[in-house]
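S.K.: Structure in structure tokens, see below.
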Amino acid sequence: MTNKSKLYKYLALHDEVLIYSVDSKDVLATYAQNVQASAVALAAIGRLMSGALLMAGQLKDNERLLVSIDGNGPLGNLKAEADAKGNVRGFVSNPLFDVPLKENGHLDVGTAVGHEGYLTVTKQLQLKEPFVGSCALISGEIAEDISYYYGTSEQIPTVVALGVLINPDYSIGEAGGFFIQLLPNASEQTYQTIEKMLTEIHSVSDLLKKYGAEQMIYALFKDARLIDSYPVQFQCHCSLQYAKELIKKIDTKELDEMIQEDQGVEITCNFCQKKYYLSTDDLKAIRKDKQE
């Protein structure tokens, strides 16, 4: 599958507002190829991966971040990890769980994620200890929760809007969104302009379908100025070596029992579902390393 997903960065409203927009349709389609999931699970992880990509737009070089949601809904824990190079991966604890549609026929992401719980952001920044911030969930709809996180944990006026459209055949119709952050020099008029604009937006998915991620921002902000853009993609950094490191953390007694069973062990990556097989000889080598 050819990846066309992309992130765009703008300044607007007399350069008082920083904006990111993302088309993550192919990102979510790649996830859906790897993981069997319900429509509402796809919508939820699609929103979270889009949100993580938008947040990662402010990172640089080898920096990365992890957004984790622990809600009281049936989907369980959700994670999305993104880096400054446009790579993202996502995880849902219970991707097959489903919930009834809303009365308007839309997917009920808030109920599936949970209206109560916590959103936690962990940023791995250069030459610094990881930054960890968190906030309570306010809706489980993800975009509102990320916006609330910025206001409470980082004290930065930020609006995040996300949309995912899942077709009846479970293919991805649209996925993406935008991120608006007011800069320190923003005037009261700029605040009011954004507030008014947000009241007029009813569906991010419809905006993506009508304009695309890039042109959507020009439709919302007449003076928007594109300052950067780059591809984004679903990319997992699991490896055989990482699988071996996981086994190395197992208690010695349990590792000895695995060796005695002489069947090897298969490890499946939670993010991309790739499987890694370690033979009995591999386990013995790991056991030897633990002794040294």
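Note that Cβ sites are derived from N, Cα and C of the backbone, with glycine treated the same way.
Not my notes, these are from TrEMBL:
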DISULFID  CYS236-CYS238  disulfide bond
DISULFID  CYS269-CYS272  disulfide bond
S.K.: Whole-number Å distance between the CA of CYS272 (disulfide bond) and the CA of CYS236 (disulfide bond)?
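M.R.: With the alpha carbons as reference points, the distance is 6 Å.
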S.K.: Give me the Cα-Cα distance between CYS238 (disulfide bond) and CYS269 (disulfide bond), rounded to a whole Å.
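M.R.: So the Cα of CYS269 (disulfide bond) lies 7 Å away from that of CYS238 (disulfide bond).
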S.K.: I'd like the number of other C-beta atoms within 10 A of the C-beta of CYS269 (disulfide bond), please.
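M.R.: Looking across every protein chain shown, the total is 18.
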S.K.: Taking only same-chain residues 6+ apart in sequence, whose CB is under 8 Å from that of CYS236 (disulfide bond), what do you get?
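M.R.: The answer is ARG89, CYS269, PHE271, CYS272, LYS274.
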S.K.: What is the Cβ neighbour count of CYS238 (disulfide bond) at a 10 Å cut-off, with all protein chains included?
M.R.: 18
S.K.: Counting every protein chain present, what is the number of Cβ atoms, excluding its own, within 10 Å of the Cβ of CYS272 (disulfide bond)?
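M.R.: CYS272 (disulfide bond) is surrounded by 20 other Cβ atoms within 10 Å.
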